[in-house]
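S.K.: What follows is a single structure, and I will ask about it in a moment.
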Amino acid sequence: MSELFRVEGLTKSFGGLAVSRNISLAMQEGDRIALIGPNGAGKTTFVNLVTGQLQPSAGQVVLNGEDVTRLGAVQRVRRGLVRTFQVTRLFSDMTPEEHVTLTVLQREGRATRILSRFHGNSEVAGEVETILSTLGLLEVARRRVREIAYGQQRLLEIGIALALRPKVLLLDEPAAGVPSSETPRIEHALERLPKTLAVLMIEHDMDLVFRFARRVAVLAAGEIIFQGLPSEVAANEKVREAYLGNYAHARSVA
Amino acid sequence: MKVAKKILGVAVGALLLGSVPAMAETIKVGIIGPFSGPFALQGKNFQAGVEAYMALNGKSVKGHEIEVIYRDLPAANPAQSRALAQELIVKDKVQYLGGVYFTPDAMAITPLLKQANTPLVIFNAATSAIMTQSPFVVRTSFTTAQTTTPLGKIAVERGVKKVISAVSDYGPGVDAENAFKKAFEAAGGKVVEAVRMPLNTTDFSPIMQRVRDSGAEAVFAFLPSGPTTLGFVKAYNETGLKQAGIKFFAPGDLTQESDLPALGDAALGLLTTFHYSVSHDSPENKRFVEAATKAIGSVEQLSFPAVGAFDGMHVIYKMIEATDGKQDAQKAVDAVKGMAWTSPRGPVSIDAETRHITENIYLREVAKGPDGKTYNKEIQTFPNQKDPGLATQ
Amino acid sequence: MQTALSIAIDAFAYGMALFIICIGLSLTMGLMRVVNLAHGAFAMIAGYIASYAARDLGLGYAVAIFLAIIGTIVISIPLERLLYRRIYGSPELTQVLMTIGITFCVIGITNYFFGPTLKTIPLPGSLTQPVDVGFRTIAGHRLFVVACGLVVAGGLWFLIERTSFGIKLRATVDNAAMADALGVRTQVVYAISFAIAIGLAALGGVVGAEFLPIEPYYALRYMVTFLVVVSVGGAGSILGAVVACLLLGAVDTTGRYLMPEFGNFFFYAAVIAIVCVFPRGFFGRAQ
Amino acid sequence: MQVAAQTPEIATSSSAGYRWARDAVGVTLILAAGLAGYWLFPDNLALLTRVIAVALLVLSIDLVTGYGGVATLGQAALFGAGAYAAGIACVNGVTEPLTLILIGAVAGAVAGLFMGTIMLRAHGLAQLVLSIAIVQLFHEAANKASAYTGGSDGLAGLMVSPLFGAFEFDLWGRTAYLFGLALLIVVFASLRFIVSSPFGMLCRGIKEDPVRIRAMGAFVFPVLLKMFVISGAVAGIGGALAAISTQVVGLDSVSFELSANALVMLVLGGLGTLYGALVGTVIFMGFEHVVSAINPFHWMTMVGALLIGVVLAAPGGLSGLLDRMSGISRRRKEKRT
């Protein structure tokens with residue numbers, strides 16, 4: 001399989017404080033990588049760097065063979081590098097249907113059109129319906145977002161991302177804040193992501209990680225300290241150190 | 001379309017017929033002025049002038065009751081001005097329009113007059129050009145050029161050769177600058193520098209610095225009455241220009257009586273030319289001041305717009321008398337052309353050609369009265385001044 | 001050279017006068033997050049009280065200032081209770097609507113009771129005398145304004161940075177719910193801050209009356225100036241307000257000296273330039 | 001709900017139809033109200049025409065503020081640009097009213113482009129201050145260029161030819177009013193169309209969360225700039241209408257005061273619906289007119305009290321109040337089906 005996406009030596013410091021250090025990572029078509037790490041390891045910063053919300057101090061981001069490091073967030077999205085947000089960023093007065101319709105129209109370059117109507121646009125309605133039904137959101141398609149359950153809002157985040165037909169998808173804690181009763185629906189949605197899509201998921205829920213990911217990368221203090229198969233993670237010394245270090249030290253001091 | 005137009009025509013005709021009053025009906029006069037907002041004081045003076053006139057001369061002419069309707073136009077706003085005038089004419093059926101403080105507001109009303117068959121008597125708005133807009137306009141106030149022009153000669157007579165002019169950067173300010181420059185240079189002086197200050201200037205010390213640096217022997221100033229005047233005069237004193245012997249000439253707007261208490265001693269010795277001083281010594285003025293004070297509440301608030309309104313009402317009364325209550329703008333205006341009378345400000349007349357008032361201009365000096373209050377003391381009279389702006393056209 | 005120095009002194013005095021009038025608004029907008037367009041109305045109320053006390057009652061200038069501040073705060077208390085409390089945390093435009101409404105009311109009421117004339121606050125003799133500073137004279141009250149400005153800036157800095165009230169205030173501003181949980185009586189903190197801001201407005205109105213004369217339309221006439229100065233400085237920042245006032249005072253004064261007919265162009269062009277470079281004002285807090 | 005899940009397309013079109021019908025009813029209501037105004041207040045047509053001109057200005061603010069999330073206290077710059085452009089054209093011999101409106105729209109759009117380019121560099125309070133600075137600069141420029149604009153004396157002597165060569169702009173102001181009403185209807189219908197286009201939806205999104213919009217792959221700046229240009233055209237039409245109906249253009253048409261008043265009217269009526277803009281304008285100006293006629297000296301207190309009262313009773317603006325009521329009834333209806 002061809003390499004779709006690669007970051008190399010990605011580094012970001014705020015003042016003197018390095019929050020991402022020399023991160024390198026590559027993804028192929030259909031990849032399913034989980035990026036895990038303790039709180040404050042710099043996971044969201046990493047996503048912001050990759051998607052262009054932040055400019056790196058050093059290193060580069062390559063998408064489909066093109067260096068996109070100097071491109072803005074919007075340009076990267078248009079090239080197929082799409083993210084979701086850890087805390088949902090949705091338009092509280094719009095419906096899921098409107099969200100997805102807007103996204104599809106935008107993808108097709110029709111979102112800035114003045115001389116067509118937004119609602120009742122039959123050309124995109126089919127696609128919108130497909131996306132919503134894949135995610136099980138059809139029944140709330142016409143409700144305002146602020147009136148639907150948080151789990152459904154998380155699904156809509158994914159739906160918006162899918163509507164952009166991404167090549168690489170960065171999921172920032174897709175299950176964060178969702179009550180455990182609703183987690184299966186999210187998991188279900190994740191399973192049904194397009195096969196060719198390269199997905200990088202940040203997640204805390206290890207069960208989800210192990211079921212979803214074919215590879216795992218561990219980020220600690222801004223550095224990738226491990227990349228490999230899920231089954232190897234638990235056994236890795238560095239990872240144990242990163243997660244359990246404090247306790248280990250505590251024991252040795254005592 | 002044609003039918004619609006015909007119906008419209010009939011409706012218009014009916015409306016016109018309807019608005020011609022029968023004998024001894026109430027005649028309405030619409031007064032537009034700034035009764036609220038930043039110029040509320042001037043509007044109040046309109047009202048005082050009108051009420052004083054009606055108190056002294058009765059509320060009816062030849063048996064026609066006169067009713068005054070006030071409409072508020074807080075700041076220059078031609079669109080609102082037109083709307084108010086239109087409503088007064090069409091809805092309230094006034095036969096005469098009066099008042100108007102700002103030039104653009106008058107400009108917005110003039111196109112209506114012919115069709116409305118209504119004369120407009122301007123109590124204030126002081127730009128020459130208004131009079132040429134419509135033959136149905138009569139003005140009883142002054143123009144800036146009219147009050148300013150005598151200053152040129154006065155300055156030279158007082159031994160001043162070099163003057164710096166400092167005016168607010170708007171229509172009347174520019175008029176004043178031009179009028180003064182023309183008169184002063186004709187008399188042999190020289191305006192060494194002409195400064196135009198933005199209207200919203202609050203701190204005038206940089207301007208005073210410029211006055212000082214210009215090497216002029218006197219400053220000619222024009223600012224709209226109110227807070228800016230206060231700041232300007234204070235800065236003139238505080239920056240030591242007064243002590244340095246730099247003279248101060250201005251049209252009377254700057255030392256209008258209602259601002260004098262606020263100016264206090266700072267204003268002492270300022271020389272201004274104007275058509276009216278509240279202190280003018282004549283029996284007519286005494287009666288006027290008494291009546292107007294009653295209307296406005298306190299003599300301290302009384303100032304020049306009141307006399308413009310007072311004489312404006314006089315003109316309107318004469319018009320009503322001449323037309324005997326019939327709505328006939330041409331006849332009304334013709335009746336007051338060339339008319340002369342003794343106003344509280346002194347002898348005045350309406351110029352038959354320009355329909356603008358001919359009046360005395362007085363040189364006044366701000367002095368302290370026996371009661372310790374400052375007032376404009378008339379020290380020289382320039383009789384029968386016409387508006388030079390209109391005369392040259 | 002002499003002229004330049006002279007202009008500099010004028011600019012400094014004008015800047016300090018702006019500061020003293022605007023700093024109260026900066027606090028309300030920056031710390032309490034209320035766009036209080038009625039700020040000028042309170043300054044004007046204070047001016048009327050001081051004018052009444054000094055001119056009509058013949059009380060001293062210092063007494064008049066004191067009475068004006070106390071009086072204005074007393075008048076503001078019911079307004080805070082009944083009206084302002086409803087708009088803490090409301091969208092800015094709602095606050096604009098409310099405070100413009102208050103301003104209209106105050107203007108109308110003032111006009112009704114006190115008439116539309118200018119009101120002066122007689123200065124004591126010592127402040128009316130021009131003071132000779134070597135190469136020129138400067139009005140005594142200008143020096144007084146400068147002194148007041150410095151005292152206010154220093155006092156506020158001390159209050160906010162060095163006292164326990166300041167700590168509570170900053171905590172409340174950053175996170176009201178958290179401060180509440182920690183036992184800070186946020187309602188009281190807000191009320192006191194509001195009173196301080198009003199008191200500053202009052203002081204500014206009275207002391208600055210020589211620059212911005214007191215009349216009913218005061219609140220609307222200078223509203224733009226207040227808003228511009230506060231935003232350029234960065235709402236809530238004392239240092240920012242000082243810098244903005246001095247800088248804008250300097251631009252204004254120099255502009256009016258060099259090219260008076262383009263004075264406003266200079267001023268607003270400077271504002272546009274500054275805002276484009278410092279979108280949050282000089283020392284604005286992140287929003 | 002089952003039904004909806006099976007045949008979403010029918011539902012979609014019916015929803016679109018519902019929106020269409022709602023807008024059609026809205027526009028018809030405005031037309032009816034406008035005509036009612038014509039018959040009920042035949043003597044106040046100049047005032048009503050002024051209301052329409054200002055309503056266009058308020059609508060234009062709603063576009064950038066209510067839909068784009070950019071608060072402005074300088075919209076009169078665009079209104080004034082339209083008014084002066086139409087005025088100057090008229091004085092120089094272009095007297096056909098529709099052409100003048102077009103000139104006003106173009107001038108407003110150009111001014112909008114300029115204003116947007118500057119304002120969109122900043123956010124929040126700084127943005128508001130930029131808008132103030134710009135309108136003050138426009139005001140100053142209009143004052144300075146008195147050779148063209150008449151300065152503070154106003155640009156007088158606009159002789160507009162009869163509309164379609166037949167209807168004079170006369171004292172009674174019938175032509176001006178009906179012309180204005182027609183313009184308002186056309187502009188309003190177009191704006192309803194625009195805000196319910198994908199572009200309008202995108203703007204609403206930007207107002208709520210520009211970061212999300214960027215993450216959808218859409219640029220924010222050009223979209224808002226486009227909105228500014230449209231808004232400028234609308235404001236310019238309002239200005240041109242004011243110029244035509246008044247036959248004078250004054251400096252007040254590029255003033256901060258007009259901008260601030262218009263924003264107050266918008267907030268009073270409610271943001272982001274376009275209907276609110278109309279409601280706010282009519283209520284504010286109507287109220288002002290009535291109280292200032294009753295007491296020309298102290299009416300300001302009453303207007304102030306109105307504003308305070310509205311904030312206390314309906315913080316979301318008057319149309320928000322209406323919306324809440326209609327929302328309740330709509331939800332009830334939805335429950336029934």
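Cβ from N, Cα, C; glycine included.
Note that the coordinates shown come from a computational prediction; the quantities given were computed from them, not determined experimentally.
The annotation transmembrane segment is assigned in TrEMBL to C:6-27, C:34-53, C:59-84, C:96-114, C:143-160, C:188-212, C:224-250, C:262-283.
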S.K.: Can you say which of C:34-53, C:59-84, C:143-160, C:188-212, C:262-283 has the most Cβ pairs under 8 Å with the transmembrane segment (C:6-27)?
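M.R.: Counting Cβ pairs under 8 Å, the winner is C:188-212.
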S.K.: May I ask which of the stretches C:96-114, C:143-160, C:224-250 has the most CB pairs under 8 A with the transmembrane segment (C:188-212)?
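M.R.: Answer is C:143-160, with the largest number of Cβ pairs below 8 Å.
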S.K.: Counting Cβ pairs under 8 Å that sit 6 or more residues apart, are there three or more between the transmembrane segment (C:34-53) and the transmembrane segment (C:262-283)?
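M.R.: These two stretches do not touch.
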S.K.: Would you mind listing the long-range same-chain contacts of the transmembrane segment (C:59-84), meaning Cβ under 8 Å and 6+ residues beyond its ends?
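M.R.: For the transmembrane segment (C:59-84), the far contacts come to 34, 36, 42, 45-47, 49-51, 53, 98, 102, 121-124, 127, 191, 194-195, 198-199, 201-203, 205-207.
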S.K.: Residues sitting near the transmembrane segment (C:143-160): Cβ under 8 Å, six or more positions beyond its termini, same chain?
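M.R.: Same-chain residues near the transmembrane segment (C:143-160) but 6 or more away: 12-13, 16-17, 19-20, 23, 27, 127, 131, 166, 169-170, 196, 200, 203, 207-208, 210-211, 238, 242.
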